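Comments concern the structure below.
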There are 2 protein chains.
Amino acid sequence: MQTLKVIKIGGNIIDDEDALNSFLEDFAQLKSPKILIHGGGKLATKLAQEMNVEVVMNEGRRITDAKTLDIITMVYAGKVNKTIVAKLQANNCNSVGFSGADGNSIVSEKRPIQEVDYGFVGDVKKVNTPIIQVLLDNGITPVFSAITHDENGQLLNTNGDTIASELAIAFAKAYRTELYYCFEKNGVLKDINDDDSVIENINTETYQTLLKDGTISDGMLPKLKNCFYALEHQVQKICIGKPAMLFNENITHTTIQK
Amino acid sequence: MQTLKVIKIGGNIIDDEDALNSFLEDFAQLKSPKILIHGGGKLATKLAQEMNVEVVMNEGRRITDAKTLDIITMVYAGKVNKTIVAKLQANNCNSVGFSGADGNSIVSEKRPIQEVDYGFVGDVKKVNTPIIQVLLDNGITPVFSAITHDENGQLLNTNGDTIASELAIAFAKAYRTELYYCFEKNGVLKDINDDDSVIENINTETYQTLLKDGTISDGMLPKLKNCFYALEHQVQKICIGKPAMLFNENITHTTIQK
């Protein structure tokens, strides 16, 4: 069975042009079929400021009104996605940019209003693999921005980590699938202020302990939830750490396993 | 031989949400393989104003500095392209949004600086059909924004009419290709102020006369240049007029023929 690498890159790589160029140069060299998922980094917030659109956050999550959705679509699916695709082409990695609307690849539903109205935020309902599969079969690397749609013409803002895990799960039948979350830290840390305190392995049992003792908190909570969700759905290998872990197995990082 | 329709829609359709919805509803019903090309209408100018970026024009053409290229990429490839793709999905027309960077489909080169420096403007050098062909073979409608790339990582702003004619020419070997330029007028007009003065047929001979007597001028000059260029390169049918001509053959429009 062929291996498919599903790789999510975080905002810090996108915000730093040199880091992005260097990452894409290495990424282009990865031999196996691969899918890249990206968000928009600080660019969306910067554009909102330039347009005098207020950024409203609730517990670290962006409230997406119509104007904010426009900004996110422009930055994520426009500027960032096309910049990445053009740079990959320059590195001889033939790629096609995707939102979930393209090829009807990721269908989501608008999050129901409960305590908070998150606006145009979508929770993934279904991944349709055929068109992505056709591209992978033709040696193309799909590059996904964190935008989905509801099949009724509405674009929706969707968490990039979730898109990565849902794509990995959707392809777990056709490939031996590996899921990589690349961000600015070396992995899941025991002490958030000490980048050397990486927890190298987390399994279902130790996960519960780390949750209980509060080691896993804030932004790491949804990321690890996505990891264990993928693990339960036949994704074979799940890693969290700096992008360097993709190109050198000896680089310290966190591996999630059963 | 199968017929491929290559359809360019102008800014006026994009600027009017009802007109766009109605057009896309009809477009989705067109049975034959088809490619849609769009610009960004007034949205790019509006965003430039909101961001306090000066719009500099030279003889009706936008000067594209780095900031303007960002705006165009965000509006054309982001907001407009993804909105169209999501609306087509809602009309059961499976589509994938493209810039020329995606699939390395349209390669251009930065226009050399002569009397005017147009900035990041690209003239089409090559159309690569394989990936678009794969999508067409799988029943997918490619939707192109007027952005290309130079294969060295640089995105470039490219005339949408030119992209349409170059795509039509590139597929003229594999299909009986038809090229449609849809805009706000009924066709090429004898009197620009009289929408009933449509010249229904223009051939190589009458084209020369219309050029000499000044009937064809301003924005119509490059459009017709694209038409005759396509005609000389095996495009079978070329029409200019309102979108309605696509869905009803009796609607008055201009046909370009040998």
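Using the three backbone atoms N, Cα and C, a Cβ is placed for every residue, glycine included.
Since we're looking at a predicted model, the values are computed, not measured.
Pulled from TrEMBL:
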type	residues	note
DOMAIN	B:4-240	domain 'Aspartate/glutamate/uridylate kinase'
SITE	B:LYS8	site 'Transition state stabilizer'
BINDING	B:GLY40, B:GLY41, B:ARG62, B:ASN157	substrate binding site
SITE	B:LYS223	site 'Transition state stabilizer'
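Projection of TrEMBL feature records onto the structure.
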residue  : record                             : contacts (Cβ under 8 Å, 6+ apart)
B:LYS8   : site 'Transition state stabilizer' : B:LEU36, B:ILE37, B:HIS38, B:GLY160, B:ASP161, B:ILE163, B:ALA164, B:LEU179, B:TYR180, B:TYR181, B:CYS182
B:GLY40  : substrate binding site             : B:GLY11, B:ILE14, B:ILE72, B:VAL75, B:TYR76, B:LYS79, B:VAL80, B:SER145, B:ALA146
B:GLY41  : substrate binding site             : B:GLY10, B:GLY11, B:ASN12, B:ILE13, B:ILE14, B:ASP15, B:VAL80
B:ARG62  : substrate binding site             : B:VAL55, B:VAL56, B:THR68, B:ASN157
B:LYS223 : site 'Transition state stabilizer' : B:ASP161, B:TYR181, B:ILE240
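According to DSSP, B:LYS223 (site 'Transition state stabilizer') sits within a helical segment. Counted over all residue pairs in B:GLY40, B:GLY41, B:ARG62, B:ASN157, the record's binders of substrate, the longest Cα to Cα distance measures 14 angstrom. Of all Cβ atoms in the shown protein chains, 27 besides its own fall within 10 Å of the Cβ of B:ASN157 (substrate binding site). Take the mean position of the Cβ atoms of B:GLY40, B:GLY41, B:ARG62, B:ASN157, the recorded substrate site; other residues of that chain with a Cβ within 8 Å of it are B:GLY11, B:GLY39, B:ALA44, B:THR45, B:ILE72, B:VAL75, B:TYR76, B:ALA146. In this model, the domain 'Aspartate/glutamate/uridylate kinase' (B:4-240) carries an average pLDDT of 95.
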